[in-house]
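As given in Swiss-Prot:
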type	residues	note
ACT_SITE	HIS324	active site, proton donor
BINDING	HIS138, HIS140, LYS221, ASP364	Ni(2+) 1 binding site
BINDING	LYS221, HIS250, HIS276	Ni(2+) 2 binding site
BINDING	HIS223	substrate binding site
MOD_RES	LYS221	N6-carboxylysine
Amino acid sequence: MSFKMDREEYAQHYGPTVGDSVRLGDTNLFATIEKDFTVYGQESKFGGGKVLRDGMGVSATETRDNPSVVDTIITGATIIDYTGIIKADIGIRDGKIVAIGRGGNPDTMDNVDFVVGASTEAIAAEGLIVTAGGIDLHVHYISADLPEFGMDNGITTLFGGGTGPADGSNATTCTPGKFHITRMLQAVDDMPANFGFLAKGVGSETEVVEEQIKAGAAGIKTHEDWGATYAGIDNSLKVADKYDVSFAVHTDSLNEGGFMENTLESFQGRTVHTFHTEGSGGGHAPDIMVFAGKENILPSSTNPTNPYTTNAIGELLDMVMVCHHLDPKIPEDVSFAESRVRKQTVAAEDVLHDMGALSIMTSDAMAMGRVGEVVMRCWQLADKMKAQRGPLEGDSEFNDNNRIKRYVAKYTINPAITNGIADYIGSVEVGKFADLVIWEPAQFGAKPKLVLKGGMLTYGVMGDAGSSLPTPQPRIMRKLYGAYGQAVHKTNITFVSQYAYDHGIKEEIGLNKIVLPVKNTRNLTKRDMKLNDYAPKTIRIDPQTFDVFIDDELVTCEPIHTTSLSQRYFLF
């Protein structure tokens, strides 16, 4: 005889199911469950008197020798991913996602996708949201505290460059030369996050870049502060093509070595990741945004201008002066900074993100952006755009799935594809490393509840360790066991070039982390950017007013005075 529950009571016990909507934080965005892989009446729920007990939902006979037995089950999770918004159990084994569906005991339950046994830990995610760990492709390695601050907002992978607070690193995301690349690879070996390093892309000979790729760099970055010249770009792209690594560029704001059209010519149709495609962080003034319409360009922008608020413009000038080693006493330096701060392109940036023309959200950490705000600002922007532009096509009341999937892709799968690491991370899919972030819906986008790295709890909200329970205050994000000892080496990845991987870079310089090669970076186009592949036919920036036109229509939006995910969640 069946037992009936109303939807509200069911959601309280087992989490939302098909057709139910979940509000994301204090935004006006609602995620609607598209498919539920659990079975009503046979949900795998942990706890006293619940299903996951010996001989019931837990197999009494299966050992870990059975490859279907998982190390961890995440039960009843609401998964938000570019692939869909679903309800399912997640099975993790050997640090990877091995199943998304229904976990339990095949002796007592029908149609089980993976087995819960004596070897299995349980994380109860009924009513919670699970996303892939965030990937920030634009990090200045200035402070060694960056990984922890990133984890505080769900960022588990950092790509960028630097050597600490050297002026070159304060300004550019390049780790120059074999010495610095080697020492930085060794420096992050005990840090609980995934890392990749970008070589300095300069020079009129390919050898000066090539030696850095052989030393273990996972990509190349050309930056105007080191010189974004035609020859430097062309030679860097030749090396990128030869070794299958990504190429990123921060173009010439001063238009000294050439204009936007000259830089575009230097690309010669080759795949390029453009940083600061809006322009306030740097790049051809005032028309770098034209790059967002080119098929061979994978465009990203940075979080200090997202979303466009009444205070956004005010902080940019000082940030430019500090980051790029400019002198406020020199008029030319001030003019250089002022040329980059254009409210018209900042306003258009929001809209281009919402249209899917800007494909990736990054931080520009410590050099005009904040590593701990990538995820938060992405959802603030999505919320602002819904309020100003209305639902996306296919969305409806209490169902913003199309917009939600577009925005989650900006900091998960698209950066993974761009830098050649999508086979390993970037989405909640079977076969990928279990770099997962678990959120309470009310805190979504602001503060994670738990962060898993390689299937192990590494960061999370935790109370006073001297108390009788895990819940007493102060409940703050703290390092968990996955952030210590040899566990760090078994659950985190250092990404290098295929050449360095094949030639034993791990053994050569004594790395302990998992070392993996980047791949499949050189034949990408805008069409490979999931749910963010719109390439407008024409983007035009008026050189006098800086107004932005797409296909001859003005693109702009108003700044907002307050944002979601802000003072309700943070004191400062």
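Every residue gets a Cβ built from N, Cα and C, even glycine.
Overlay of Swiss-Prot annotations on the structure.
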residue: HIS138; record: Ni(2+) 1 binding site; DSSP class: strand
residue: LYS221; record: Ni(2+) 1 binding site; DSSP class: strand
residue: HIS250; record: Ni(2+) 2 binding site; DSSP class: strand
residue: HIS276; record: Ni(2+) 2 binding site; DSSP class: coil
residue: HIS324; record: active site, proton donor; DSSP class: coil
residue: ASP364; record: Ni(2+) 1 binding site; DSSP class: coil
Roughly how many Å lie between the Cα atoms of HIS276 (Ni(2+) 2 binding site) and ASP364 (Ni(2+) 1 binding site), rounded to a whole value?
9
Other residues near the Ni(2+) 2 site, CB within 8 A of the CB centroid of LYS221, HIS250, HIS276?
HIS138, THR172, THR173, THR222, HIS223, GLU224, ALA248, VAL249, THR251, THR274, PHE275, GLY281, GLY282, GLY283
May I ask for the distance between HIS324 (active site, proton donor) and HIS138 (Ni(2+) 1 binding site), taken between their Cα atoms and rounded to an integer number of Å?
16
Could you check which of the binding-site residues (HIS138, HIS140, HIS250, ASP364) sits closest to HIS223 (substrate binding site), going Cα to Cα?
HIS250
Looking at the binding-site residues listed here (HIS138, HIS140, LYS221, ASP364), whose Cα lies nearest to that of HIS250 (Ni(2+) 2 binding site)?
LYS221
From the centroid of the CB atoms of HIS138, HIS140, LYS221, ASP364, the recorded Ni(2+) 1 site, which same-chain residues not already listed sit within 8 A by their CB, in sequence order?
LEU137, VAL139, GLY160, GLY161, THR172, THR173, HIS250, PHE275, THR302, THR362, SER363, ALA365, ALA367, GLY369
Distant-in-sequence Cβ neighbours of HIS140 (Ni(2+) 1 binding site), under 8 Å, six or more positions away:
GLY160, GLY161, GLY162, SER169, ASN170, THR172, THR173, ASP364, ALA365, MET366, ALA367
Just jot down the residues in the same chain as LYS221 (Ni(2+) 1 binding site), at least 6 apart in sequence, with C-beta under 8 A of its C-beta; none if empty.
GLY161, THR172, THR173, CYS174, LEU198, ALA199, LYS200, GLY201, PHE247, ALA248, VAL249, HIS250
Counting across all protein chains shown, how many other Cβ atoms sit within 10 Å of the Cβ of ASP364 (Ni(2+) 1 binding site)?
31
Report the member of HIS138, HIS223 (the binding-site residues) whose C-beta atom has the most other C-beta atoms within 10 angstroms.
HIS138
Which of HIS250, HIS276, HIS324 (the recorded positions) has the most other Cβ atoms within 10 Å?
HIS276
